[in-house]
Amino acid sequence: MPQFKGNDLYIEQVKLSDIAKKYKTSTYVYSKSKIVTNFENYKKALVPREGLICFACKTNSNGTILKLLAKLGAGADTTSGGEIYRCLKAGFDPSKIVYAGVGKTAEEIEYALKSRIFMFNVESFEELDAIDRISAKIKVKARIAFRINPHVDPDTHSYIVTGKKGTKFGIPYEEAVKAYLAAKQKKNIEILGIHSHIGSQILDIGSFKLAAQKIKKIVDSVEKNGIKLEYVNFGGGLGIEYKKDQKVPSPEQLMSELFPVFDENKKFIFEPGRSIVANAGHLLTKVIYRKISGGKSFLITDAGMNDLIRPTLYEAYHEILPVKMTDDKKVKTDVVGPICESGDFMGKDRMLPFVEQGGYLLITCAGAYGFAMSSEYNSRPLLAEVLVNDDKTMLIRKRAKYEDLLLNEV
Ligand code: LLP
């Protein structure tokens with residue numbers, strides 16, 4: 001997390017106010033060392049078993065960050081042809097790319113096969129047929145795991161629960177064995193493993209363990225039918241500390257609970273996203289105006305819901321810090337953006353100094369699903385991104401210009 005030194009907030013060895021002056025606002029700012037540490041924690045935890053840590057690049061697909069993770073030996077969890085493209089461009093070894101998603105199109109499947117990705121996490125019987133058909137057409141055998149919906153309901157926001165009965169994801173638990181038997185009949189399919197992902201921002205290891213126990217039952221039934229499953233993939237989902245005092249399990253705690261559920265020869269894949277980049281990235285924004293209206297205080301920032309949609313979409317909490325500590329009294333205030341919607345807020349009822357006009361705020365832990373979910377809504381050009389390495393900063397995405405808004409219009 002960024003730290004105060006004296007009255008100034010720093011990320012690594014750089015003053016955030018200096019970044020704001022140099023690169024303007026709003027800007028996403030990432031700490032390189034935090035990304036590295038977060039990834040290394042997963043890598044270390046996996047040491048007792050063979051397998052892969054595949055970074056879920058939907059959380060943050062900036063090429064420099066992808067390149068960094070690829071160099072550290074990460075694989076990639078992808079969810080579209082576009083993500084596979086970005087990962088290949090960033091130097092990921094195709095044999096470390098896995099591909100999940102309920103709606104893979106024929107074009108995407110063909111692109112993935114031609115790119116020789118490691119495996120598809122197949123989510124329906126019809127998708128299996130499509131992959132088999134396309135594999136035959138282009139004469140490339142497809143390696144697959146089935147994504148099984150384990151019917152587990154973890155404690156997280158309902159929009160990011162994915163392994164519960166009745167959600168669109170994966171093959172229903174009861175039909176898992178049938179899916180493997182169907183795949184066994186297909187000439188162009190090679191079965192490698194089993195996949196499940198129960199949701200995101202999960203802090204209770206118990207839910208993962210329950211899913212693991214259910215998945216183990218499927219593994220046993222499938223293997224009794226003479227189908228060997230080499231890989232067990234648990235998806236991502238480990239949460240982070242958005243609010244002080246949230247108890248966050250480590251990758252090591254997670255894996256040490258899951259490994260013993262399975263035989264020693266099983267290889268493991270994890271697809272962490274949020275827990276690699278969320279607390280490494282923050283949204284640096286400027287207070288444009290202040291106002292008091294209807295008895296409430298508002299700080300109006302140049303970042304809006306188009307730049308960071310999480311508070312609006314999931315009522316997600318992001319700690320907001322002033323970039324300069326002052327002696328000003330803290331007041332209860334809403335931090336809101338400039339967009340024409342009442343849902344456009346970064347935080348509500350926060351105790352903050354009534355930061356001066358032109359002062360800066362940091363919306364913390366926005367490195368995952370932050371820039372990646374941003375849009376040009378209200379015709380607002382996409383933001384700049386900056387990577388901090390010790391006392392150096394590097395622009396890793398230019399701020400878009402007004403002309404860019406019209407780029408693809410005909
Ligand atoms: N693997 C699969 C198959 C997934 O669907 C996801 C996330 C992940 C891995 C990565 O999960 P993570 O480690 O990041 O929790 N936009 C929402 C989160 C959506 C999660 C979707 N799936 C948010 O901002 O909270």
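Backbone N, Cα and C atoms are what each Cβ position is placed from, and that goes for glycine too.
Here is what TrEMBL records for this protein:
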type	residues	note
ACT_SITE	CYS340	active site, proton donor
BINDING	GLY237, GLU271, PRO272, GLY273, ARG274, TYR369	pyridoxal 5'-phosphate binding site
BINDING	ARG274, ARG310, TYR314, GLU341, TYR369	substrate binding site
DOMAIN	28-367	domain 'Orn/DAP/Arg decarboxylase 2 C-terminal'
DOMAIN	33-278	domain 'Orn/DAP/Arg decarboxylase 2 N-terminal'
MOD_RES	LYS58	N6-(pyridoxal phosphate)lysine
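Residues listed for pyridoxal 5'-phosphate, GLY237, GLU271, PRO272, GLY273, ARG274, TYR369, cover a largest CA to CA span of 15 Å. Screening the recorded positions GLY273, CYS340, GLU341 for a C-beta under 6 A from any atom of ligand 1 leaves GLY273. Closest by Cα distance to CYS340 (active site, proton donor), from the binding-site residues GLY237, GLU271, ARG274, is ARG274.
Shown in sequence order, ALA56, LYS58, THR59, SER200, GLY236, LEU238, SER275, ILE276, ALA368 are the same-chain residues outside GLY237, GLU271, PRO272, GLY273, ARG274, TYR369 whose Cβ sits within 8 Å of the Cβ centre of the pyridoxal 5'-phosphate site.
Looking just at the domain 'Orn/DAP/Arg decarboxylase 2 C-terminal' (28-367), the mean pLDDT is 96. Using Cα positions, the member of the recorded positions LYS58, ARG310, TYR314, GLU341 nearest to GLY237 (pyridoxal 5'-phosphate binding site) is identified as LYS58. Separation of the C-alpha atoms of TYR369 (pyridoxal 5'-phosphate binding site) and ARG310 (substrate binding site): 8 Å, rounded to the nearest whole number. Cβ neighbours within 10 Å of GLU341 (substrate binding site), excluding its own Cβ and spanning all shown chains: 14.
Note on GLU271 (pyridoxal 5'-phosphate binding site): other Cβ atoms within 10 Å of its Cβ, all shown chains, come to 26.
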